[in-house]
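Here is what TrEMBL says about this protein:
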{"type": "SIGNAL", "residues": "B:1-24", "note": "signal peptide"}
{"type": "DOMAIN", "residues": "B:59-151", "note": "domain 'FecR protein'"}
């Protein structure tokens, strides 16, 4: 910021050598800034240029990368970042929300009795969601083969989707997917039946 | 004979129409917020973006002054581009069963805020954001990219 102001003054003072000065003013660097998630958790970003590499892993830490590839670490405050990038941050899409439906027995069709209440909550959310997409993903426990569970999870997703349509969610907003036994809610050894893992996760995004 | 071939032609036409997949199914993402002037350049033509517009792999998103756009990709990656931004979605693919895929995007000019999604969680090495000077590897996180005064704007 101060560099640009200094440059600007010089340029107006010596307008006749403007072109020469412009090329002398260094281009502002590219800037990367890490943000925490809403729970305050921070991941990491590895920044690479032609000749340098930096990893940033703290909230509001950053890296400035000059056009020649050299890097400089930065540290901003939360207030600075929220002021400077307020328009950019305001344009973010709503954060996806997830809802889980459980199945009564080892079944692809019989949903647990609390399901209609979950659907009512979803409908309230959907009413205010921009261009909503409802992604219905079926899951299984770790009993059975991958192929068997891929099919079972897809059947669960489809029967949950049919239930959502019956409850009044427009069919064109719904997509289905089966994740098989790849993402258990409760980690178990392979081959173990578990009620909590027989579920459908609905993501509104 | 002639009538019969006409019948076949009719069946073929109808059959084709029925199996063409819905356009939304292979979209990489959907526009969720729009402010000011936002263009999506797709397959050689440029269209004004609105809430609900689809964005595809290889599309270019361009915002004007005092403009912005927010896009959610199919793997739940959330992007927002600030004013005077050129964002190229070079490559996007996501398998909802295995969570395999690729996300490769370039910010040529302007600013981008990213909240990483399912792809970065399952396959961090498959997610790459670039600027004219850098390449970013993402380890499940949120960040801002701001491109300094790049050459593109001077042209």
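Cβ from N, Cα, C; glycine included.
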Any idea what the model's mean pLDDT is for the domain 'FecR protein' (B:59-151)?
95
When the domain 'FecR protein' (B:59-151) is classified with DSSP, how many of its residues are helical, how many are strand and how many are coil?
9 helix, 51 strand, 33 coil
